[in-house]
Amino acid sequence: MLKRADYAARYGPTTKDRVRLADTALTVEIEADWSGGPKHSGNEMIFGGGKVIRTSMGMSHIPRNGDAQGKHKPVDTVITGALILDWWGVVKADIGLRDGEIAAIGKAYNPETMDPIPPNEFEMPDRTAPSDTLPVQPTLPVQPANFVVGPSTEVISGNGRILTAGGVDTHVHFICPEQIHEALASGVTTLIGGGTGPAEGSTATTVTPGEWHITRVFESLDAYPVNIGLLGKGSTVNPDALNEQVDAGVIGFKVHEDWGATPAVIDAALEVCESRRVQLALHADSLNESGFLDSTRDAFTKDGKKRSVHIFHVEGAGGGHAPDMIELVKETNVLPASTNPTRPLTVNTVAEHIDMMVVCHHLNPDIPADMAFADSRIRPSTMAAEDLLHDMGAISMMSSDAQAMGRIGEMVMRTWQTAHVMKSRYGPLKEDLDNAKVRPIADDNGHSHHAEKLIPNDNYRARRYVAKYTINPAITHGIDGHVGSVETGKLADLVLWEPKFFGVKMHMVLKGGQLAYAQVGDANASITTPQPFLPRAVWGSTGRSPQSNSYNFVAPGVADKLNSRVVTVRDSSGNVTEVKTGGLGLVKKFMDISTGIREVTKADMKLNDMVPESLDVDHNSFEVTIGGATTGDARTEINGATVPRAYASEVPMAQRYFLF
């Protein structure tokens, strides 16, 4: 019998093994192993000299279109034995990709030499609830399955590596093309936002205004392997000006105080959002010129319906009613997000923000009124509350605010830094503590037993935090049917990480099933690993690849109008050519978002749907009080208490990994 350490060295960790995430205080425990492990060891699929995936062994002879009966169609790519970390669980599996989508998750095999695992023999994560604290999840959105490897199958080794869904960043100022490379290198594959370049309107607001600019930006982004959603300018009361932007291809609207965020503007934008089935992103009125927080909140409701709104940087440092914008977290129709510059609150955060504020909003340091505006938005008390609200699952999303106070390459990293700070400060979440009380642990020989004191893993916390930049932003903008999680039928936008570099430096990024970015060494070297070993664009980022591996997301019913069609033309000499006609003439395909987007509420935010009973900001001291909420272990109560201003003096995923 192989010892656990030996098994992990050969095939990667298995059920009940734990993996530390980078240099954080977070560890995840594998809940089930669908690719082998204690229950099905012996047929693990690995590739290499003398290994399993060879002809007549792990690789079948079946062609891509299937055997004589049309069954057992091999996948195009298999990722072997990866540790999947997603909102729905922490499992190890083989992942099969076909036609750019996730075709199967479970066990890869050769039906000519191997028996499939019966469906009822796949081990499943134990989601029974020992208390009211741990939510019951009787069924997973993913059901394990067997799938075939054949001559047409490429192999990516996921053994010993972590697999996550590609990140979804909902707050991108499109300033320069280099942003795309930074995003991909950090594991982000979908960018939603606006801009036309380093124009003042774009560096300040996430808006691509009007049909002409929208078309030009789509043309500019056509060559990049990222999914795109453009936000139009929502700051107008003229519905015609809004509708023409929807027809031009925006995924939704941004209402921003620099263009005007009055209650009338919010109402008008929401009216068009309701009729065209798109989302409204709001950067509210920091100066309280046209009303206070209640005025904005009242504008969300019409004819008794609390209309759904995506609130950017709900803490307020990035913009929004001063000082109480964060109180919107307690509204059920508000889909709240953070931007990464305030994540987490550290000893350097406040000083950095003052300088960023001056640049981003074109303030004059010599004008007292301008500096008072900056000071009103930089509040360490609300930033400290933001830490807690993320850990409670009350703030549902993370985003970057790229080059407009935030850093596009740090959305993922800042998310996990926040999780680490909260774990270090408050201990395990109650959900993870309750889980540990009823779960056995295994010794080196694989025998399960109960110890006197079980050390809880951080699975629930990890699932909560990964959801903040994957599934929840996808749900918010109606694209969760295509991206945002590791589930069958979705676009294969996937990120592989070495555990020691998790959240910091990706190993590989797959875009629509194609390798688009990866850590690669000197191109003139004899192998792939010599220095400089850097994240580099690979074949999925070049040529016409983006037309097959990425989408432009648009409002329901708009894609058909914008997509070009290829027609065959025969000239007088009989020569046949293919030409594009109609649409915008772009390579990348347009894809409609979900029609149900206007029914999305906070209750739909996976593992981040908590609504505090109360949340109040003192308008004089800016101190925050949260009621009906707890975080960390049983000793930590944040119920009705003033949130302490806690500054982190050190964070992981930092100087250990970067020279600058």
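Heads up, the Cβ atoms here are built off N, Cα and C, so glycines get one too.
Predicted, not measured: the structure shown is a model, and the values here were computed from it.
Taken from TrEMBL, the feature active site, proton donor applies to H361. Summarising the annotation, TrEMBL assigns Ni(2+) 1 binding site to H171, H173, K254, D401. If you look up TrEMBL, you'll see K254, H283, H313 marked as Ni(2+) 2 binding site. Among the features that TrEMBL reports, substrate binding site is placed at H256. Taken from TrEMBL, the feature domain 'Urease' covers 166-660. Feature annotation from TrEMBL assigns N6-carboxylysine to K254.
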Item checked: Any further residue of that chain within 8 Å (Cβ to the Cβ centroid of K254, H283, H313) of the recorded Ni(2+) 2 site -> H171, T205, T206, V255, H256, A281, L282, A284, I311, F312, G318, G319, G320
Note to self: If you average per-residue pLDDT over the domain 'Urease' (166-660), what number do you get?
What the structure shows: 92
Next item on the list: Compile a sequence-ordered list of residues in the same chain as H313 (Ni(2+) 2 binding site), six or more apart from it, whose Cβ lies below 8 A from its Cβ; state 'none' when nothing qualifies.
Entry: H171, H283, G319, G320, A337, S338, T339, T342, D401
Next item on the list: Starting from the Ni(2+) 1 site formed by H171, H173, K254, D401, give every other residue of that chain whose CB sits within 8 Å of the mean position of their CB atoms, in sequence order.
Entry: T170, V172, G193, G194, T205, T206, L231, A281, H283, F312, T339, S399, S400, A402, A404, G406
Item checked: Which of H171, H173, K254, H256, H361, the listed recorded positions, has fewest other Cβ atoms within 10 Å -> H361
Item checked: C-alpha spacing of the residue listed as 'substrate binding site' relative to H173 (Ni(2+) 1 binding site), in angstrom -> 13
